[in-house]
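Chemist: Structure provided below as structure tokens; questions to follow.
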Amino acid sequence: LGLRSDLSLDATAAAAAPPRARDGQLKRALHPRRPPPVRRNSPTALRARHASRRPPRAAPRRPPRLPIAFSAAVASAYRDSLPALHGLAVASGLDAYAIVTNSLAARYVKAGGSFPSAARVFATARARDASSYNTILSSIPDPDEALAFAARMLRSGDVRPDAVTFTVALSLAAGRREGWARSLAAARKVFEEMPVRDLVSWNALVCGLAQDGDCPAEVIRVFLRMLKDGGGVRPDRISVCSVIPACGGDGKLELGRQMHGFAVKLGVDWHVSIGNVVANSLITMYAKLRRMDDARMVFDFMPRPEIIAWNALISGYAQNEKCEDALEVFSSMVKCMMKPNETTFASVLSAVTAVETVSMAYWPDVPLPDSELGLGASESLIAWTAIISANTKHGNYDAVVSLFNDMVRSGLAPDGVVLLSVLTACRYSGFVSLGREIFDSMAAEHGAELWPEHYACVVDMLGRAGRLEEAEELMLQMPSGPSVSALQSLLGACRIHGNMDVGERVAGVLMETEPTESGAYVLLSNIYAEKGDWARVARVRRHMRERGVKKEVGFSWVDAGGVGESLHLHRFSSDDTTHPMTEEIYRVAEGLGWEMKFLKNWLQVEIEGPV
């Protein structure tokens, strides 16, 4: 090992200790002064002679001062001085004490990251205890080797493993996502071979299973086994916190309520951190069981809910399609000056995009990305994304443009999702020039990556405005080539505006991309038909027959359910007369057609005018 055994204890201790320990304190601890001589007839001598007649006491279990002081010096030693201290321990016989070898092994790992040196200390140690094994067990790089080492420790019978041994072994098993069953089996073997299982051992097993999250039934089974075969071991708050999330599956409502009652029976103090952990687990459990009233009751009972509790309640409402309640809780959270985080805004985003009216998702007196809330850049981006996407979904296109301008003025760079929402608003509102300006500035000014969806959106926007050549030019600039959606939207625009030249080129590309789909053939045939070119119409139909392309009947679905009602989907096709209310449906459709024609003429005027 290259150990230096010829160094004096004073010199080595002084070199290894930090500056504040070099003033002689360690030297005095290692070399205590000899006590003064005791006179023969003094009270001290009489007590000593009287005590010598008593039976000898058992040797104290605590090691002498010297090994303790040496271990303290090792714990604060620098990496370069560890080999010298190791050699000094061997030369002076201090390696006979487990406390010394344990401190050397631990310091090798912590200071130098040298597991081989720590393993050599363990292998040559003359005394070992549970801490010796735990130090090596927690330092082995390979989890499989660490679990095998724990198994050898049990088989050897050298020392009795303690709670730390078992906890480390289970943590290694829980962290093994690959080969989880094999690692868990090894950890369970460690547990089953323990002669005495205390509360810490049971909790370690339950927590290890709960952290994996893939076997909630096994978590519950082990917990019930602890109640039945635990030998008087009673679960505590940590046990309850691990089992409650496993009760969130279908059919486990009664078990979840029993765990809630068990937590109350344990006397959980809701004012301390462990009480908050239990409450957070209960809120999540009730949310998974679709019992939001019970989740809200637990939340309202908490004296000072933390951010995790707020997020659990908001997420529960959003997942159970109670979006208005989720937004109401979020509003209360902001007004209570509780700082939202990314998890909060992820739940709020799902609630905002699903809410019936966007007015429920926006409070002018509670601006989401306010610097006073202490939001980070990512959190503010999520807030802006939520409100802009919601306004786009509900057709508030003027508000989308206004919010986007506010976002840019705030100094926050929009990402691809925000820009896609803004481009969609420009497409449907007729803000063509503004949409093209935003698209051109995406990469240059905002540093956003251009997606195929961005190109397709702008191509459709230009096609609706009749700028077909410009749309075709932009489509050909797509990095991965023209997408099917962009080709289809541009071909449809060519039919609306009667542009045969661009339509033929786009239809040719689309037929090569999807030779068996009838959409391109039908649209091109309609373009020829509107121009009165029946010869070309016949040619397109002949190509369809030669290639075996058949026009499938197109069906549409409409949701006939009202707000808050169950979903009722009706399927219909062109010239469909199978519905019992056919006359009323066609009458309403004809009225809507006249309104759309009027809006089309009005929109055309707006597009041709200044934007």
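Cβ atoms are placed via backbone N, Cα and C, with glycine included.
Because the structure is a prediction, the values reported are computed rather than measured.
What TrEMBL shows for this protein is this:
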| type | residues | note |
| --- | --- | --- |
| REGION | 14-64 | region 'Disordered' |
| COMPBIAS | 28-37 | compositional bias 'Basic residues' |
| COMPBIAS | 47-64 | compositional bias 'Basic residues' |
| REPEAT | 198-233 | repeat 'PPR' |
| REPEAT | 306-340 | repeat 'PPR' |
| REPEAT | 380-414 | repeat 'PPR' |
Chemist: Based on DSSP, tally up the residues of the repeat 'PPR' (306-340) by helix, strand and coil.
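Modeler: Looking at the repeat 'PPR' (306-340) with DSSP, the answer is 26 helix, 0 strand, 9 coil.
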Chemist: DSSP says what for the repeat 'PPR' (198-233): how many helix, strand, coil residues?
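Modeler: Final tally across the stretch: 28 helix, 0 strand, 8 coil.
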Chemist: Averaged across the repeat 'PPR' (198-233), what pLDDT does the model get? Just tell me the whole number, please.
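Modeler: Reported value for the repeat 'PPR' (198-233) is a mean pLDDT of 81.
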Chemist: With DSSP helix as H/G/I and strand as E/B, how many residues of the repeat 'PPR' (380-414) fall in helix, strand and coil?
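Modeler: So the repeat 'PPR' (380-414) is made up of 27 helix, 0 strand, 8 coil.
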